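Lifted from TrEMBL, the feature list:
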- 9-256: domain 'ABC transporter' (DOMAIN)
- 372-395: transmembrane segment (TRANSMEM)
- 407-429: transmembrane segment (TRANSMEM)
- 450-474: transmembrane segment (TRANSMEM)
- 486-509: transmembrane segment (TRANSMEM)
- 516-543: transmembrane segment (TRANSMEM)
- 593-618: transmembrane segment (TRANSMEM)
Amino acid sequence: MQLDGAVDVTFQGLTFTVQPRGGGEPVQILKGLSGAVRGGRCLAIMGASGAGKTTLLDVLAGHTYTGEIGGQVLVNGKPRHLKSFLRISSYVQQRDVLMASATVRDAITTAALLKLPRSMPAEEKRARVDSVLADLELEGCQHTLIGDELLNMKGISGGQRRRVSVGIELVKQPQILFLDEPTSGLDSEMAVSMMETLLRLARGGRTVCVTIHQPNSIITSMFDDFMLLVGGRAAYAGPWSGAVDHFAAAGFPCPQYVNPTDHFLSVLRDDKAAAAVVEAYAASAPALALCSPEASSDGECEGKGKPAGTELDVEAGLGGKEGTLQASKAALARTASDAAALVEEERPRVPFTFQTWVLSLRMLRNWGRNPMMLAAEAVQYLFLAVFVGLVYLQLSDSVATGVPDRLSSLWFMLAVLSFTPAYTAAVAWDSERLLLRREVGQGMYSPAAWFAAKTTTVFPVQVVQTTLFCVITYWMVGYSSDAGRFFIYVALLNMFQLTSETIGQLCALCTGASMYAVILLTFVLLLLMTFTGFLVSAIPVYFKWIKWISYLNYTYAALVENEFGGATFYTDDGTAVHGTSLIPASVNNGLSVLANAMVALGLMVGTRVLAFLVLLVMHRLKRI
């Protein structure tokens, strides 16, 4: 798709400094870099690991969350307004974080629904999706699942996954495109194809900037502009064709039949040689003159700060094919009024309710395409229910055995419905977090919309699973035959299970990784279960406070009161004893079934609200 105008991003004296986590002196990663990313062209930033290329890309893209930035970044000669800049630019991360169960069209359509204005007609959005699929040559696989090898789900190739990641960003028609190592992990053929795609996007009027680690000779010949970094400094910046001459002039000519990029990186591994190349570049390239578009078009900036060969009329070959691109100054520079309009433009946000609706449909579609996942969870609950039912099959009404067995069976129900959903939620967080971080970071939706969609879609499924568990266990164990007490039992265990799921998610949010979440979760659940009054009769004074904040305490007390309140037990000599009088003092907290249930409901809502607040805090701290 051809854009009407192109955007130049220039930077001068750019520095980036971070404070080490362990303390000490600040570390400067970028050290006074100057250069430009020109509209209609593709700039490749290259360097060895630790050279600062990804940091430079992040700073230019406005994706740095820590550290101190110095210097200037201008858009068409005007100071960059970051919030507005993010609306006209897109950033494609190195790692392709995609939903495995979505098709290629699904992924790009979801991006269109969430990134494009709600007021845009559906037909126009579909046309935008079709255009992106055509531009990225994804039409042939648009109905294929993306897949994931780790989940043993077959899908599209690595190169196609990269294109999908780009396509998700292209639906909003960004004028500037930043990509972190777009050829990483691809074979040579796919890497060349990826670069051809990016050059086509640049020729369509976009400003394209990529980082690249160590490309082959075919890919290097495709670059328009090239910036080589070493230790946070520029060893060269300019047209690719001038890089070999620059190194030769610095005393490091490239041997015949050697890939120039291999030669450059080999030279820069030596500290003395690297210093010589950096000094040679600094001496031959005066400071970049950051002129306004008007000055540039008037010729006032001619020869200022540009190494030889950086004129706007350039030859550009695509994949080794002959071809030229005449990019006039008028086409690549906007007027000052255009630049002002650029930074003041406001894109309407998609409403919260619509974000929630789209995300809910995606989650439901994910389950629909993963029937084995739902079946596995259902079988898990079915197995546990039958197991518990067989262990406590048809309990007697004897005071000697029926009472302790009922107490232990109800406690065991809670043990099953605490660990199972909590662990499931904690383990699932790793895959959810990566997708959430990328999509929220791209402005597709808010954390609140994701949380609302998660709640409205997950809770109903869990209610069905828990109700199935309740139906089987209640009648197999032989609890009270009163229908009202059965429904209270179902309601209490559903609230309990939903609270447990939330606590698992809360532990995952606090720790940031499922491995640590499981450790924290085990400690929390064991702590709460210990002080329900079943395991420990006489709770030490300094631990009593735990009982009163434990959702297990209130749920267990309500379950025991609900069951024993309608039961009659018999001693060995046949004497009838009402169940209420047999409830242990350590379990009876003095509240009625309704009061305990209301407190349990409040704790369920409270933990859900707390999980939401922690999600917002973690988002603010960039921990997700």
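Positions of Cβ are set from backbone N, Cα and C atoms, glycine also.
Predicted automatically and left uncurated, TrEMBL annotations should be read as such.
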- request: Counting only CB pairs under 8 A, let me know which of 407-429, 450-474, 486-509, 593-618 has the most with the transmembrane segment (372-395).
  value: 450-474
- prompt: How about the transmembrane segment (407-429) and the transmembrane segment (516-543): do they have 3 or more C-beta pairs under 8 A, pairs 6 or more apart in sequence?
  reply: yes
Task: State the mean pLDDT for the domain 'ABC transporter' (9-256).
output: 91
